[in-house]
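Feature annotation from TrEMBL assigns transmembrane segment to 22-42, 49-68, 102-128, 140-162, 168-192, 213-235, 255-276. Among the features that TrEMBL reports, domain 'G-protein coupled receptors family 1 profile' is placed at 33-274.
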């Protein structure tokens, strides 16, 4: 907030402010939509599969992102109304907790996307051994390790966020993980055609392969939406840390509220992709809304 105020003095760019009504509406919609995804997977035993558990992990990350921005906005409103001070001990701890929630949301989304990508890769190229490789128990262990790691990293970064040695590895992790997932995609799609020919003689192999490729395409959409929604905010963190006094950097930071809203839009778009691309989820939603068996 201090950096945003200072930027107005060295640039002609006007700070773009998102109306609070729009902000809270987008946040509430994202939380409710992802909550529906979690309820649908819990209620439908046919969805108790590793892939849907990884999708639930991504939904939880999206909920944390929306919740973080909602709490941050409430915190700013209370400061403006005089109920909280910007430099008090309680406010400092509250700010660190919210920063930790933001980092946890980002890391959780990245590693959830990575887990979904790995699951799709195994499904396509090791279809006959998939159920032996990716068991439900193994998927739960993977998620437990991922979230424990992300929680530890998020707390450490939040506590030492003012150190460049902490900010640099965090910001480097984002493009590295995205590059790794992208390489996995390229390898997946390049080998998909030759792999399809090898298994063409197997019963129902064509249908099975099309289903797996549909899942890979869905994951590609997830990744594209994730990059569009999170990359502007990560860039804001970099600019705020390394060139806060540069007029061009300050001009970009004037759209801070827009970048924060994009994070919450990601939480809205992902459940729509789930519902549109998964017939099983659509069927579960219909049963939930119409209360029919």
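Backbone N, Cα and C atoms are what each Cβ position is placed from, and that goes for glycine too.
Curation does not apply to TrEMBL; its annotations are automatic.
Listed as Cβ neighbours of the transmembrane segment (140-162) (distance under 8 Å, sequence separation of 6 or more from its ends, same chain) are residues 53-54, 57, 96-97, 99-101, 103-104, 107-108, 111-112, 115, 170.
Outside the transmembrane segment (49-68) by six or more residues, the chain places 26-28, 30-31, 34-35, 37-38, 41, 98, 101-102, 104-106, 108-109, 112-113, 115-116, 119-120, 123, 134-136, 138-140, 143, 146-147, 215, 222, 263-264, 266-267, 270-271, 274 with a CB less than 8 A from a CB of the stretch.
Within the model, the domain 'G-protein coupled receptors family 1 profile' (33-274) carries an average pLDDT of 78.
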